[in-house]
Amino acid sequence: MTENFWRELPRPFFVLAPMEDVTDVVFRHVVSEAGRPDVFFTEFTNSESYCHPDGKDSVRGRLTFTEDEQPIVAHIWGDKPENFRKMSIGMAELGFKGLDINMGCPVPNVAGNGKGSGLICRPAVAAELIQAAKAGGLPVSVKTRLGYTDVDEWREWLTHILKQDIANLSIHLRTRAEMSKVDAHWELIPEIKKLRDEVAPDTLLTINGDIPDRQTGLKLAEQYGVDGIMIGRGIFTNPFAFEKEPKEHSSKELLDLLRLHLDLHDEYSKEEARPYKPLPRFFKIYLRGFRGASELRNQCMNTKSTDEVRALLDDFERKYLDGIE
């Protein structure tokens, strides 16, 4: 194995969770500006697409990163060991510091086909994928859930994964069936940590689920002794979730982050075509909590280009500048 960066991280370390159509190079840079985590993951990258003769072009945008994002981990999914073997070698050549396997995605057309969280029902395949992913020499990690249907599945499933000699295990503390509809099962953390200590003490343990910010994560790490904290959906309500010294943020700061997002979208679109259509989903992150935010957000949702959004922001700031705090 090449250098295992996980071992060099502070304790606890903080990770921005991989999120489909969210954690691309553009949004990661916005988060880094607002408050940087210790580790970045890419979006979900389909190993089958990557290994298809024409596939590398289709996933190139998902694998775009810059060196100032290091350490960054390629987050991949699929169910064919040979594809994982090829992809692990390719990710090492691209300069990624680690490879993370998705065993938690609950989306029906993924899980229902035995991929993502569907691998919980295919433990032998899951083990094969992990071993194949080690071919490139990168530290291999896994992101998964407590179980597929029942919470009680966690012990057998996590024991199996911990026996595979992985660098880090990130656990979304819900089952596939629960999606995100129930509270994360924080109450299981002590038992899960005990299991890790017994089965694979060298594997780092990262928890995920209902953790809104660094401060909450620090309390959980102190209480339970886990190694890492992963924040996902919390970033949508607080783009400053990873900041080390929490403080009140002005509306101007939020608008400036949105402008940065627009600028980065345009910049990276020059390298790889990036459709505008997914961009408005991010507006709710920045356009909230200040006078006129709701109306401005509704206007921005109907735009067709970044320049249209900038024009609306310019107009808004001219009208409300004195009220922006």
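Yeah, the Cβs are placed from backbone N, Cα and C, and that goes for glycine too.
The structure displayed is predicted, hence computed values, not measured ones.
Together with Pro18, Met19, Glu20, Asn208, Gly209, Asp210, Gly232, Arg233, Swiss-Prot lists one candidate of Lys80, Lys86, Lys143, Lys304 for binding FMN, that being Lys143. If you take the Cα of Pro18 (FMN binding site) and the Cα of Cys105 (active site, proton donor), they are about 10 angstrom apart, rounded to a whole number. Between the alpha carbons (Cα) of Cys105 (active site, proton donor) and Arg233 (FMN binding site) lies a span of roughly 14 Å. Maximum C-alpha to C-alpha distance over the listed FMN-binding residues Pro18, Met19, Glu20, Lys143, Asn208, Gly209, Asp210, Gly232, Arg233 is 18 Å.
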